[in-house]
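A.B. asks: I have a structure here, written as structure tokens, and I will follow up with some questions on it.
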Amino acid sequence: MTDIEKESSSPELAHSLENISFAAREDGVSAAYEAKSRLINEHLQNEIGFGRYQLQLFILTGLGWAADNIWLQGVAIILPQIQIELHPVRVEFTTLSLYVGLILGASTWGILADLIGRRLSFNITLFIAGVFGVAAGGANNFISLAALVACVGFGVGGNLPVDGAIFLEFIPKSHQWLLTLLSAWWALGQLFASLIAWPLIGNFSCTSADDCPKSSNMGWRYTFYVLGGVTLVMWILRYVVFDLQESPKYLVGKGQDEKAIKVLEHIARINGTTMTLTAESLRIVSGNQNATSIPLTTWQLIEQSFSSFSLSHVKPLFSTRRLAVNTTITILLWGFVEVPLFFAYMTQDRTWRRLIGLAYPLFNGFITLYLTTQVPSDSSVSTTYRNYTIISVLGVPGSIIACLVVDWTRKNKSAFAMGGRKVTMSVSTALTGIFLFLFTTSNTTAAVLGYSCASGLTQNAMYGVLYAYTPEVFPAPHRGTGDALCSAFNRITGILAPVIKIVTTTAAGTAANGTANGQVSLNSSKPIFVSASLFIVAAILMLFLPIETAGKAAL
């Protein structure tokens, strides 16, 4: 009896192996890789299972997602105090610097994940963010602060494209719904930053730019010290405490079958299970029974990857018409859901600004600035951050609701027939647009807060499914690059928002007919209607995605 026959003695595994050769070809991967990946998925599902290793990985990748939003909100939170202490020409350049770093980080670490493996990106990104985050707290002028914030962005920018891919490649198909739940960590990151800033900035900050020395405005510095220190603790948990293994699907994609088997055996031991899969089985099922892989050192792998790097991981994402359409729509959606922010910057009315600031994570980069300068009812620092914390809480249930719906559609055949990821994502996006339309009818503080919280909840549900769908739809050999393209495009459209804000307000301030405080005087209702319409269009686009990932094991 051969090895493959022995391991197929289980009727369930034997049936799966029998069908591997007849499975529909997946776009963007070779037949050999697909066969190996499907076999690994079967053993992850039926032998290794979901256990201690995956649970630890869920927590650590979740902390990475939280770190992304911790720093997005951390930079947003300090803007009012930066403005009155350092007196920058445009305080928005702080956010602009962060997004420059995020774009470079998402592109660099995502692509490197496909070139030299997931471990480097996973282990180093939080270290970079933590070190420069602490250093940014000690900045004595605006230029050094902006430069250090850009370095923070470069480090933390790799978490979204890399961490989701890593988690996905280690979990069995039955638990892929947990990828949606990872977005709850992103919402928790915003809440954590708010809870840290509320007491620190609320109690150790200047209230007037007329008399604001460093010693009287330490709140934002204390905030950065804490956020940077927490980020470094996350890095220690990743690099020192947890023994991350390289992704087995990345390894088989590089022809390192023996290493992939050792990784799977390691996971099985931690989970308290056993595994029968062998390297010989991988070679047989892929049709390369006599092939043997030559182990490469890390440096050899890096040299080999960069020597052949061109568009080798981009072209496969557009290798067929079906995959090209799906990849294009997915990338557009990542940027498209940020497009309404452009119009938010164009509005003059403070009520609309409050809505946009409360409803969209990117515009949260300026929410505290607007809350302290545009809200007339109570602009005290403590009240501003108290309200910001309340708003942040609403992001968490949105992610949980999305997770429950996605898992329900996976288990319920009639619900699955109606659509899994795509319909869930489309409905939550459409609801966000509807709440924006409804917001235009609000004329009280309670109504503003109510519709803002509602749109924030549905928006987090939308992001939760989008963040799960994206790594699922890309095959492992090119997953890091695909995620990097989406994340980078998201950051690029995001960076246009502060640019538009800077350009339009500067032009208004210098124009002879400019309005007071350098603001652009526009019809306040139009930007909200445009934003809501764009979300409705995005919801429709989601229904045209040709690939549904629900109920399928990711390759």
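Every residue gets a Cβ built from N, Cα and C, even glycine.
Please treat TrEMBL annotations as automatic predictions, because they have not gone through curation.
What TrEMBL shows for this protein is this:
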DOMAIN    54-550  domain 'Major facilitator superfamily (MFS) profile'
TRANSMEM  57-78  transmembrane segment
TRANSMEM  98-117  transmembrane segment
TRANSMEM  124-157  transmembrane segment
TRANSMEM  177-201  transmembrane segment
TRANSMEM  222-241  transmembrane segment
TRANSMEM  323-343  transmembrane segment
TRANSMEM  355-373  transmembrane segment
TRANSMEM  385-406  transmembrane segment
TRANSMEM  427-451  transmembrane segment
TRANSMEM  528-547  transmembrane segment
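How about a rundown of where these features are and what they're close to?
C.D. replies: Long-range neighbours of the transmembrane segment (98-117) within the same chain, counting only residues 6 or more positions beyond its ends whose Cβ lies under 8 Å from a Cβ of the stretch, are 71-72, 75, 125, 149-158, 160-162, 165, 246-247, 250, 298, 301-302, 305-306, 309, 313, 365, 477-481, 483-485, 487-488, 490-492, 494-495, 498.
Within the chain carrying the transmembrane segment (124-157), a Cβ under 8 angstroms from the stretch's Cβ atoms is held by residues 63-64, 67-68, 71, 74-75, 82, 86-88, 93-94, 96-106, 108-109, 214, 220-225, 227-232, 234-235, 238-239, 487, 491, all 6 or more beyond its ends.
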A.B. asks: What mean pLDDT does the predicted model reach across the domain 'Major facilitator superfamily (MFS) profile' (54-550)?
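C.D. replies: So the average pLDDT across the domain 'Major facilitator superfamily (MFS) profile' (54-550) works out to 77.
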